[in-house]
Each structure stands twice: as C-alpha cells, then as structure tokens.
Amino acid sequence: MAEQDLYKVLGVEKDASQDEIKKAYRKLSKKYHPDLNHEPGAEEKFKAVNEAYETLGDAQKRAQYDQFGSTGGQQGFGGAGGFGGQDFGGFGGGGGFEDIFSSFFGGGAGGSRRSNPTAPQQGRDLQYEMTLKFEDAIFGKKTTITYNREEQCETCGGSGAKPGTSPVTCSKCHGAGYIQVQTNTPLGRMMSQQVCDVCHGTGKEIKDKCATCGGSGHTEQSHSIKVTVPAGVEEGQQMRLQNQGEAGTNGGPYGDLFIIFRVEPSKDFERDGATIYFKLPIDFVQAALGDEVQVKTVHGDVKLKIPAGTQTGTTFRLRGKGAPRLRGNGNGDERVTVNIETPTHLNKGQKEALKTFAKASGKSVAGNGKSSLFDKLRGV
C-alpha cells in the first residue's frame with residue numbers, strides 16, 4: 001500500500017512551522033483518541049496521526065522525509081542512493097536495520113532496546129530560523145532568542161500522573177510498550193511490532209492524569225537563550241545547540257536546537273562563500289585616462305587605482321576585503337567589477353568636445369548630433 005502523505009495526515013502545508021505541526025497533532029490526537037472517540041476508524045486515524053508526528057515533529061526526521069519522501073526505515077532499501085552517505089544510525093534517531101527487521105519479525109536485534117519502555121529517551125530536536133542582516137552574517141553577533149519548547153511538567157515531575165498517584169502497567173501490552181500484529185503482505189502473513197495504542201510505547205497507563213499537563217508529562221514553555229552567531233555564516237547554514245530542544249522522557253536528556261540562518265540581501269554587495277562582489281560605476285573619461293577612486297568594502301572604503309584604458313567588465317581583486325572564512329584562515333577577497341557609464345545628456349560644450357575628439361580619432365559622427373563614437377566608448 002502506498003505510503004500516506006504525512007503532511008496531509010496532520011492537515012498542514014509542507015512549509016508549516018514546527019509549532020503549527022505540534023498544534024495540529026494535539027488537535028487531531030485529542031479528536032481521535034480511543035478513550036474519547038468510539039467511532040469506527042478513529043483508532044486507525046489516531047495511529048496515523050501519531051506516526052505522522054513521530055516524523056514531522058522531529059527536525060532531523062522531517063528533513064529526511066522532505067528529501068526522500070518516505071520515512072527513515074524504508075529509505076534503507078531504496079537502492080544505492082538510499083543511504084545518502086549517512087551512517088547506519090541515521091534513520092531518524094530510532095535505530096537502523098535492527099528496527100527494520102524487528103518490525104517484520106517481531107524481535108531480532110532491535111528487541112533489546114524495545115524491551116525496556118521505561119528507559120530514558122532523548123527529547124525531540126527543534127528548528128529555529130534566524131534572519132540576519134548581511135553585515136551581521138559577515139561579522140557575527142550576539143543575540144537572545146525566545147521560542148516555545150516542551151519541558152518537564154513541574155506538577156507531576158514528568159510522570160503524567162496526578163500527584164500522589166503513579167502510572168500502572170499497561171493492560172494491553174502488559175508493560176512491553178509494543179504489540180504483535182499479523183499483517184498480510186505480498187510475501188504472505190507476517191508478524192510485525194507496533195507501538196501500543198494504549199500506552200504509546202511507555203508500558204504504563206495513567207489512570208489519574210495530572211491536571212497541569214493532561215498526562216503527557218510535559219508542558220509547553222517559553223524558553224530564552226543567548227546565541228553567539230559566528231562570523232562568516234551563510235544563507236541556509238545550520239548551527240546545533242545541544243540540549244536546547246524539548247525535554248526527554250523517563251529522565252532522558254533534552255533534544256537539540258538547530259538554528260538555520262537566513263541572510264538578508266545587501267543593496268551594495270553580493271556574496272559567494274568568503275568572496276564579496278561589488279560593481280563599481282565609472283565614467284568613460286576615468287576609464288580612458290585612468291583615476292584613483294574610493295571603493296566600498298564590508299570593512300570600509302578603500303582606494304583603488306583605475307589604469308588608463310580600463311574596459312567595462314574588468315575585475316580587480318582587493319585581497320582580504322571579503323568575508324571571514326567560517327573555519328578560520330583569515331578573510332576572503334572582494335572582487336570589484338567596473339561598469340563604464342555612458343552619458344545620456346550632454347550640453348553643447350560637451351558635444352563639441354566629443355566631436356573634436358572623434359575627428360582627431362578619425363571617427364565618424366552621426367548627423368543628428370549623437371556620435372556613433374558613444375557605442376565604442378561603452379567598451380573603452
């Protein structure tokens with residue numbers, strides 16, 4: 001059966017933020033929860049919603065899904081390109097081949113990890129997009145960011161149970177966290193493991209839920225941290241901040257926060273890596289006779305000597321006037337490309353001077369007063 005579009009399962013767009021995905025998940029999981037919805041098909045929809053959030057709610061798993069169009073476990077069998085240069089532990093953080101075979105045969109190498117649902121589990125990773133001014137990406141900056149993340153509920157200490165009570169062993173999976181399901185496949189009937197839909201893999205049921213967190217063990221809180229943006233970052237680059245993601249379960253560590261940098265364009269410069277590009281307009285007199293001009297750089301104005309006879313498109317290199325190299329080794333260069341501007345409005349004296357120049361050069365002048373010499377001057 002074709003794999004479902006996980007974004008459609010949660011009813012969100014593909015460019016939805018992590019907060020939008022989380023809100024959609026909460027809404028749908030509550031709507032289809034077997035304890036609240038006894039309509040036919042509600043349990044299957046509840047499972048689908050949980051499976052979709054398992055992938056889209058995790059920054060790394062979501063990126064992998066967006067790239068390959070399938071969940072991590074299936075990509076391992078996607079041909080020579082399915083591994084993408086990643087190690088075998090890169091299938092979305094939930095294990096690699098062991099979990100794949102375990103899902104088919106109900107045990108295997110991955111069974112040892114699944115046999116202990118109360119083991120500490122790391123929290124989800126989060127993404128944060130930071131927009132930088134062009135100059136801030138060049139020189140770096142220190143700033144404070146604020147975002148929402150799931151933190152351990154202070155009321156129940158993360159257990160999800162009402163204070164004074166404790167979770168009990170799950171009545172459906174008997175504490176295993178997973179149930180065995182018989183599935184018809186092209187290879188015949190096979191047993192597979194699925195997360196228990198009652199305890200959601202914890203092996204425990206909460207009879208009296210915490211009023212603060214509703215039994216989840218976590219609450220959404222606003223979290224602020226100081227961030228040092230390194231000098232030389234570029235559009236689309238990421239920086240990982242360990243343990244700044246969401247809280248883990250069963251005493252597990254926090255996930256990580258991945259900051260994705262977005263850089264605003266500059267009105268003066270363009271950039272490619274550590275190299276800065278600048279277009280310098282000069283007039284044809286400067287190009288023909290030469291000149292010394294002031295040139296903008298991200299480090300301040302510098303003088304540049306324009307040799308006589310410079311042509312449009314000539315590029316000069318200013319060493320060390322580019323962006324810092326992110327991993328050290330100084331700055332890149334600035335490339336200055338000359339653009340010769342031809343005057344469009346001339347007074348009588350200027351026209352006569354150009355006609356005299358044209359005559360001395362043996363060039364023809366158009367009868368309407370506009371010299372064909374102008375076209376040649378564009379390339380002086």
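Here, residue 1 is simply the first one shown, and the rest follow in order.
Cβ coordinates are placed from backbone N, Cα and C, and glycine is handled just like the others.
Taken from Swiss-Prot, the feature domain 'J' applies to 5-69, supported by sequence analysis. As annotated by Swiss-Prot, zinc finger applies to 140-222, with the evidence given as sequence analysis. Here Swiss-Prot flags 153-160, 170-177, 196-203, 210-217 as repeat 'CXXCXGXG motif'. Swiss-Prot lists Cys153, Cys156, Cys210, Cys213 with the feature Zn(2+) 1 binding site, giving sequence analysis as the kind of evidence. According to Swiss-Prot, the feature Zn(2+) 2 binding site maps to Cys170, Cys173, Cys196, Cys199, an assignment based on sequence analysis.
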Per-state residue totals over the repeat 'CXXCXGXG motif' (170-177) - DSSP helix, strand, coil = 0 helix, 0 strand, 8 coil
Which listed range (153-160, 170-177, 210-217) shows the maximal number of Cβ pairs under 8 Å with respect to the repeat 'CXXCXGXG motif' (196-203)?
-> 170-177
What is the number of other Cβ atoms found within 10 Å of the Cβ of Cys153 (Zn(2+) 1 binding site)?
-> 21
Within 10 Å of the Cβ of Cys170 (Zn(2+) 2 binding site), how many other Cβ atoms can be counted across all chains shown?
-> 22
Candidate nearest Cys153 (Zn(2+) 1 binding site) in space, where candidates are the binding-site residues Cys170, Cys196, Cys199 and distance is Cα-Cα = Cys199
Expressed in Å to no decimal places, the gap between the Cα atoms of Cys213 (Zn(2+) 1 binding site) and Cys199 (Zn(2+) 2 binding site) is 16
